[in-house]
Amino acid sequence: MRPVPPPKTYRVKSFGCQMNVYDGERMGELLDQQGIKPAAEGEDADLVVLNTCHIREKAAEKVYSDIGRLAKHGDPIIAVAGCVAQAEGEEIMRRAPAVSMVVGPQAYHNLPDMLDAAISGKRATDTDMPVIAKFGALPKRRKSAPSAFLTIQEGCDKFCTYCVVPYTRGAEISRPFDDLVTEARLLIDGGAREITLLGQNVSAWSGVDDVGRSVGLAGLVRALAKLDGLGRLRYMTSHPADMDDALIAAHGELPELMPFLHLPVQSGSDRVLKAMNRSHSADSYLKLLDRFRAARPDLAISGDFIVGFPGETNAEFEETLQLVDAVGYAQAYTFKYSPRPGTPAATMDDQVAGEVMDERLQRLQAAINRDQHAFNTASAGKICDVLIERKGKHDGQWLGKSPWLQSVWIDTAPGSEMALGDLVSVTLQDAGPKSLRGVMRETIPA
Ligand code: 5AD
Ligand code: SF4
């Protein structure tokens, strides 16, 4: 490669899960520290980081087409980061000469050094997976959105047979308690009112608290809930096998812990769950939710589903619909099974035909949409706080989230004061399939 001038502007494009959004923000902070500025919207950047996701579909193919488009348009320095980088780093270097850097999710703290190499004309790959060296090497956090992410745990030891995460993100690692309290404090000081604790399996987090006790996620949540200025706490994603009584109790006791639980189930069929290596049954999942709901009756439940896992019969898919009926989800993510190279399910017999998956996905989505709308309808008339996160399309309109993670829009009267990060008390009204209106309480006639 030929030497290039140091970049003045950068853009990080993150795909996939919230973990990638968090990683993307941290890479941005690293580049800020190098004196490189984020490119303005619509402007070509001198350096583009494609922060990729490998969990489903032909993600790798999409990366190659993005690289092709960038090379033709603006010809920036290109870095490929994230899970496709981890899984296919060497192949990317071989197939895509326009790429200068390939950096895995555990190595992106080395981005500045790799960039120096790229500027001097050398291509660099770093897909090492050292134990948590990255976090210590990242710059301190300075500014934050009203709702911020905090990665507390990375990797997964569960080895669900369809999933590539244990291979791309590696073994479960928990970040130390003290580091997390410090980072949470910085996020709050930088403007965050809400923190969502992130990890592939946050319920497996463990650590030692400030007085030397071994604690799990519940202990961490309790400590963070005490931080001055923090209004709300959330966490995702959890695995049903790791949810303990202490966490359930925390949901009943801590007003800061929002009444929302994202707990993927994947299927309602015990045979399919076993083939997925999920270690829970449909019934044990429902019983677990009952315990959470006993502690926090208004809990909103969210989930992940895969349709068309190899060998899934019509009758087994019907069991998934029955489970959906039994839970009454407030929202959920639905996916068609996608074979991931190197995972056990990719070579299983009886891969399900595309049309069959399409039809099942449609039926499942219809059931989830129905329940989401019903959940929103049942929320109408409730009084709650909304965390203001964005301005709406119209003058005086603001957008935010309810405690149950519903999108809420609020119209304010001219001259009324409202700012990002405010927690505003509203009455929920006009429930739609995907959002509700919030009416500010002081504007409601008595
Ligand atoms: N195919 C389809 N969906 C998948 N997920 C993970 N791996 C696959 C795959 N191979 C889904 C699961 C998981 C979510 C993050 O992505 O539902 O919970
Ligand atoms: Fe993947 Fe299963 Fe781990 Fe979730 S729990 S990241 S689906 S292996």
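Including glycine, each Cβ sits where the backbone N, Cα and C put it.
Heads up, TrEMBL stuff is auto-annotated, nobody curated it.
In TrEMBL this protein carries:
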type: BINDING; residues: CYS17, CYS53, CYS83; note: [4Fe-4S] cluster 1 binding site
type: BINDING; residues: CYS156, CYS160, CYS163; note: [4Fe-4S] cluster 2 binding site
type: DOMAIN; residues: 8-120; note: domain 'MTTase N-terminal'
type: DOMAIN; residues: 142-374; note: domain 'Radical SAM core'
type: DOMAIN; residues: 377-442; note: domain 'TRAM'
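Non-local neighbourhood of CYS83 ([4Fe-4S] cluster 1 binding site): GLY16, ASN20, THR52, CYS53, HIS54, ILE55, ALA59, PRO105, VAL164, VAL165, THR168, ARG169, each in the same chain, at least six residues away, with C-beta under 8 Å from its C-beta. The binding-site residues considered are CYS17, CYS163; of these, CYS17 has the fewest other C-beta atoms within 10 angstroms of its C-beta. The separation of CYS17 ([4Fe-4S] cluster 1 binding site) from CYS156 ([4Fe-4S] cluster 2 binding site), Cα to Cα, is 15 Å. Cβ proximity to the [4Fe-4S] cluster 2 site centre (mean Cβ of CYS156, CYS160, CYS163, cutoff 8 Å) flags the following additional same-chain residues: LYS158, PHE159, TYR162, VAL164, VAL165, PRO166, GLN200. Residue environment of CYS156 ([4Fe-4S] cluster 2 binding site) contains 22 other Cβ atoms, counted within 10 Å of its Cβ in all protein chains. Within the set of binding-site residues CYS17, CYS53, CYS83, CYS156, CYS156 have a CB atom less than 6 Å from some atom of ligand 2. Note on the domain 'Radical SAM core' (142-374): its mean pLDDT in the predicted model is 96.
With a 10 A radius on its CB, CYS160 ([4Fe-4S] cluster 2 binding site) counts 21 other CB atoms from all the protein chains.
The Cβ centroid of CYS17, CYS53, CYS83 marks the [4Fe-4S] cluster 1 site; residues of that chain outside this set whose Cβ lies within 8 Å of it are PHE15, GLY16, MET19, ASN20, THR52, HIS54, ILE55, ALA59, GLY82, THR168, given in sequence order. Separating the Cα atoms of CYS160 ([4Fe-4S] cluster 2 binding site) and CYS17 ([4Fe-4S] cluster 1 binding site) is a whole-number distance of 17 Å.
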